[in-house]
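Participant: Encoded as structure tokens, here's the structure I'll be asking about.
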Amino acid sequence: DAVETQEHYKSRWRSIWIMYLTMFLSSVGFSIVIMSVWPYLQKIDPTADASFLGWIIASYSIGQMVASPLFGLWSNYRPRTEPLVVSTAISVAANCLYAYVHVPHSHNKYYMLTARALVGFGAGNVAVVRSYIAGATSLTERTSAMANTSACQAVGFILGPVFQTCFTLIGEEGITWKLVHLELNMYTTPVLFGALLGVINIILIFAIFREHRVDDLGRQCKSINSEGEESAVPDQDTEGSIDHVAVVALNFLFFVILFVFAVFETIATPLTMDMYSWTRKEAVFYNGIILSVVGIESVIVFMVVKMLSKRTGERAILHGGLLIVLVGFFILLPWGKKLPNIQWQEIKNNSIPRTTSTEMLMPFWSLQAMQLPSNETAEPVGCPVTQSWCRNTPMIYLAQYLSSDVLIGLGYPVCNVMSYTLYSKILGPKPQGVYMGWLTASGSGARILGPVFVSQVYTHLGPRWAFSLICGVVVLSLLVLEIVYKRLIAFSVRYGRMQE
């Protein structure tokens, strides 16, 4: 048994911190342009409509879903520096492409679609990051490290739009560098800043990141990705098969968790516009504030979960998180008698936008720029008469909506961290790259299907059906958790090498 040296310990945690940074930059790369995609798309290609915007938003998740298992497989057999550097370089190149999509004379929208899909493809390194952290931490360190990783990801999603807002000071015209056909404006500068962060990340990976591995007890082991460490994993520590029933169950639970959160963030704008007669601008502004508060709440929850899990264990916390999410959506069910204000008037001027099922495919922050033209003074508000359920479904009171936001903002981060932590512990000393890739792909698939599901059900059947079905899905996930509860234990515990 090789005891970990102090030098190894310090180097190991420096490498883990580089992984935290990589996760942070990956989420910043997604969110730093999300509020400006629509106006930039309209500027470079007037033929693009809202439905195409939905594809651009979804292309990130599609790219990540495809890339995650591939990068995970790569990291199982080669030094992780390779997939980390290549994936980050792809993101850097994709951001530079995004800054130049105005140059071609036609099909500009397809270049933007390609750029965002490649940024998502580069974000497939999340699987590499998670698998490295799982292998470089002992069981007692694992929950804290996974919580820190998720917190870095959450902070990246929060700060991305903040960076974007700062760059709006440059203006829409900005500065043009004709020699290289580069326009530095409020649309291109954020992605170039993201590309710069990516280059810094690559430099830090080369300079600081090292392959390290410890077993579940924290003893220094030889990494399969490096020949630089002398001590090897004892044969008996890797003997035994992975519990694939538990693996599949956690993939399903993670899919449900990401699915319901995608529904939550997608439905915010159309729901509040229908129920509270908010204008598009009001809905984006108020929901933007709410999502920011939920993001801060999530970061706090990540920190609290690290301490709480030491007392109760990950399985109990996952169970509690799913129950909180269930209550959050149950509260959203319409129970009262008061109906929402109906938008009776016909809209004769086609230049006034309306909320369509296609627009519901987009998270609300992507609708920020979809405001009325400056020469229009009236915007119809209320629940559209074209949605037949508006005439007989009670409204959801604002107190219900805000209470639901708080509960989902509490339950989602709990479930997210516990899923990753339990998953990594179940896999044990086996190479985790491919498995983490499939877990990430499950989440990406959920983020694609969630908006599609809610846009169709909410538009045609209303919130009662939409949220009832979501509650049913969460109840099903709770039943699955109950069935596999005893199997969700660490690999070392399962084979009697450690006490739970």
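Using the three backbone atoms N, Cα and C, a Cβ is placed for every residue, glycine included.
Unlike curated entries, TrEMBL annotations are predicted automatically.
Pulled these from TrEMBL:
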- 15-489: domain 'Major facilitator superfamily (MFS) profile' (DOMAIN)
- 17-40: transmembrane segment (TRANSMEM)
- 52-72: transmembrane segment (TRANSMEM)
- 84-101: transmembrane segment (TRANSMEM)
- 113-133: transmembrane segment (TRANSMEM)
- 154-171: transmembrane segment (TRANSMEM)
- 191-209: transmembrane segment (TRANSMEM)
- 245-264: transmembrane segment (TRANSMEM)
- 284-305: transmembrane segment (TRANSMEM)
- 317-336: transmembrane segment (TRANSMEM)
- 401-423: transmembrane segment (TRANSMEM)
- 435-453: transmembrane segment (TRANSMEM)
- 465-485: transmembrane segment (TRANSMEM)
Participant: Mind checking which residues reach the transmembrane segment (84-101)? Cβ under 8 Å, same chain, six or more beyond either end.
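Facilitator: Tertiary neighbours of the transmembrane segment (84-101) are 22, 25-26, 29, 33, 44, 67, 71, 108, 111-112, 114-116, 118-119, 121-125, 128-129, 181-183, 188, 191-192, 194-195, 198-199, 201-202, 205-206, 209.
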Participant: Taking all residues of the domain 'Major facilitator superfamily (MFS) profile' (15-489) together, what is their mean pLDDT?
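Facilitator: 82, rounded to a whole number.
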Participant: State the non-local partners of the transmembrane segment (113-133) in its own chain: residues 6+ outside its ends, Cβ under 8 Å from one of its Cβ atoms.
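Facilitator: Residues packing against the transmembrane segment (113-133) from afar: 15-16, 19, 22-23, 26, 29-30, 37, 52, 55-57, 59-64, 66-72, 74-75, 80, 83-84, 87-95, 97-98, 101, 145-146, 149, 420, 424, 431-433, 435-437, 439-440, 444.
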Participant: Under 8 Å for C-beta pairs, could you tell me which stretch among 154-171, 245-264, 284-305, 401-423, 435-453 has the largest tally with the transmembrane segment (317-336)?
Facilitator: 401-423
Participant: Do at least three CB pairs under 8 A connect the transmembrane segment (17-40) and the transmembrane segment (191-209), leaving out pairs fewer than 6 apart in sequence?
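Facilitator: Per Cβ check, the transmembrane segment (191-209) touches the transmembrane segment (17-40).
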Participant: Residue list, the transmembrane segment (435-453) vs rest of chain: Cβ under 8 Å, 6 or more residues beyond ends.
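Facilitator: Residues 54, 58, 61-62, 64-66, 68-73, 120, 124, 126-128, 130-131, 134, 242, 247, 250-252, 254-263, 266, 360-363, 419-420, 423-424, 427 contact the transmembrane segment (435-453) from elsewhere in the chain.
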Participant: Most CB pairs under 8 Å with the transmembrane segment (154-171): which of 17-40, 245-264, 284-305, 401-423?
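Facilitator: Answer is 17-40, with the largest number of Cβ pairs below 8 Å.
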Participant: So what's near the transmembrane segment (17-40) in sequence-distant terms, Cβ-Cβ under 8 Å and 6+ beyond its ends?
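Facilitator: Hits for the transmembrane segment (17-40): 53, 56-57, 60, 84, 88, 91, 95, 98, 112, 116, 119-120, 122-123, 125-126, 129, 132-133, 148-149, 152-161, 163-165, 168, 172, 186-187, 190-191, 193-194, 197-198, 201, 204-205, 208-209, 363, 365-370.
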